[in-house]
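Following: one structure in structure tokens, then a few remarks.
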């Protein structure tokens, strides 16, 4: 199936990938060149893992996971495969986010620095917890086969909306964290004196993160770029059979079945429409 505005989609996708990749590179250069590198010894070098893993996992990889269903060349792949890729990318992002949080707590504890006192830490921890819950719920309901279509239909809009909200919260938290780190780290020269690290480099990193988030938001909210419903879906009916079978072999009304009441016909049509709606929701259980 051809995608409407395909070249515009490719341009935005390419821009998002470029900006996201630059965000990761800028973060690495920041900690390796300006902040003395990486380590795992409780020092500031361990803390430096926090921005690296957060930008790489919680920002960049999560952004890709959000739009993976909108890649038109994947529409021929099975929905189960795409769900697995979506869940796998989110799982990688979650693991990196958890490791980055551990690095912060270990650094603070070793150096007797208070934990969880800033707005950045509050919002960031809430985002991580909500993300883990979102990942668990999505895996349980949309990837495993046990959940009925009615449950998927009910949870699908919540899953989509909460995913977008969490991603937006992560972008805002990253911007707060970058600013907070600069204020705490830049003493001589101070941040307010326009040092190259802060004004010309890390501020640019913040803008890259913001632009990446905006591009992901735009791509994921365009209805014309949404993965189409699979045409060969099979819908079970209360009376047995499938929607495909019902469409392909409608009963030939003769003298034996012409006496079916209008109410029975209406009930059958209503049940069929209800199952179609549930199937539509179940097939589009992701963004």
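Using the three backbone atoms N, Cα and C, a Cβ is placed for every residue, glycine included.
Membrane topology taken from Swiss-Prot puts residue 6 and residue 44 on opposing sides. In Swiss-Prot, the feature transmembrane segment is placed on 152-179, out of the ranges 152-179, 236-263. For residue 159 (heme b 2 binding site), the nearest of the binding-site residues 83, 108, 118, 180 in terms of C-alpha separation is 83. Overall, the recorded L-ascorbate-binding residues 79, 83, 152 cover a maximum inter-Cα distance of 14 Å. Using Cα positions, the member of the binding-site residues 50, 115, 116, 120, 152 nearest to residue 70 (heme b 2 binding site) is identified as 152. Comparing local CB density within 10 A for the binding-site residues 70, 86, 120, 152, 226, the maximum falls on 86. Within 10 Å of the C-beta atom of residue 79 (heme b 2 binding site) sit 19 other C-beta atoms, taking all shown protein chains into account.
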